[in-house]
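See below for the structure under consideration.
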Amino acid sequence: MLPYAYLSKGVMAMFSGFDLCLDVLKKVNLHGKDLAGGFSRLAFREEDRRAREELMALMRALGFSLEVDRVGNIIGTVGNIGDGLPPVALGSHIDTVPQGGPYDGVLGVAMAIGAAKEIRENNPNHRYPLQVMVFSGEESSRFGIANVGSKAITGYLTLKDCFSYKDDDGVILFKAMRDFGLSPEWMGRSRLLPSSLKAFFEVHIEQGPFLHRSGIDVGVVEAIAAPTRMAVDIEGRADHSGACPMNMRKDALAAASEIVLAVESVGIDEYLHGTVATVGVCRIEPGAMNVVPGKAHLKIDLRGIKKESLERAYERIRSAIEGICFSRGVKLNFNLLSKGDPVVLDGGLRRLLGEVCDDLGLRWTDMPSGAGHDAMYVASSIPTAMIFVPCVEGISHNPSEEVELERIRPGYRALVGALERIMER
Ligand SMILES: [Zn+2]
């Protein structure tokens, strides 16, 4: 293996992929600017199409050979594909939430292009091809389903899903994809095999405040939390707010309020295990000032990367809800919407990233990801690693999403370093 010091001292200065990365960011973000602030490049919409065309033109000009698979993932390859060695892949997504920021996803794609180009230019003899993957439909904002592209190639998306999810205008996912020139009915043909790639890397902004506030520049993601989701419908009794005495009420909102606090307290108790619990939806009926609320609907999101902690939290939340509803004499309808297992990322790649960071003198740490990413699906087929870089105050999915260039550069260097080492093997 070539010592890394040699690569960094000698040839790496020849081509700066980081500057290219900034250029890619700028070009993609020419599209989908929202007049109300931020970027709205929702999956399979016109803005998404224009950004993808711009990106593909740029990648083509940089010498990538391009392919778009049946579900819209863009795959750009540089290097010696004929040698029979599986490519080393890296990437993320460029679609956004409504009024999202300029870095969520796009930064990972931009860094992937910069790194692939830099490595190829500086070390043309590397045996492995490099493959930049731009996943389609990562955000759930339009269709209510996330990670369409990465789920499809790893077998987590079904044709039934494509027909059951639709956007606010009633357009079903399948039709939106067909109108985009794709053929989701053939998605099986784009399936990623365990032998298809040597490894996959995704760089992403943290979307939380930990790195920014702690002064650590690189987060090596240990595991990605998959949410457990619950829907809770409480039926009390709507009554006149003036005429119904306090001791005769069945106030659904009062029960829901106790549940909200119970969920919070379970989250706080499990804090040290990295588990978080949130009531993100609370709707009441009829919702009038002079009516005791008769119905309340809650949605609860529970996440973490430690299975025992998640199990404990789930059981405690469930029994707290049952206890509260029983003691208040209100009817409960509890629905477990989804229960996801945390995805542990590849141990070998995590160690490799740690070594690279140490050798480069970077400030780094292992950390969990509370948010879902394409990497969690890719990880089911391919050894996968994820690098988090700081975003200012952790603000994301927001027009004020911001990064400091000098604080994301270390993550880029860690990516390039890790790729170079893995390609020497
Ligand atoms: Zn993202």
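Placement of Cβ uses the backbone N, Cα and C atoms for every residue, glycine included.
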Quiz item: Asn290, Arg303 bind allantoate in TrEMBL, but which of Arg213, Arg229, Arg363 does that record place at the same site?
Solution: Arg229
Quiz item: Which residue of Glu67, Glu139, Glu355 does TrEMBL report at the same Zn(2+) 2 site as Asp104, His397?
Solution: Glu139
Practice problem: Please pick, from His93, His212, the residue that TrEMBL records in the Zn(2+) 1 site together with Asp104, His204. | Solution: His93
Quiz item: Can you list which of these binding-site residues (Asp104, Glu139, Arg229, Asn290, His397) have a Cβ closer than 6 Å to ligand 1?
Solution: Asp104
Quiz prompt | Helix, strand and coil residues within the domain 'Peptidase M20 dimerisation' (230-322) as assigned by DSSP | solution = 40 helix, 31 strand, 22 coil
Self-check item: His93 (Zn(2+) 1 binding site) in three-state DSSP notation
Solution: strand
Quiz item: Using Cα-Cα distances with a 10 Å cut-off, which of the binding-site residues His93, Asp104, Glu139, His204, His397 are near Arg303 (allantoate binding site)?
Solution: none
Quiz item: Does anything in the same chain, at least 6 positions from Glu139 (Zn(2+) 2 binding site), have a Cβ under 8 Å from its Cβ, and if so what?
Solution: Leu42, Ala43, His93, Asp95, Thr96, Val97, Gly100, Gly105, Ala146
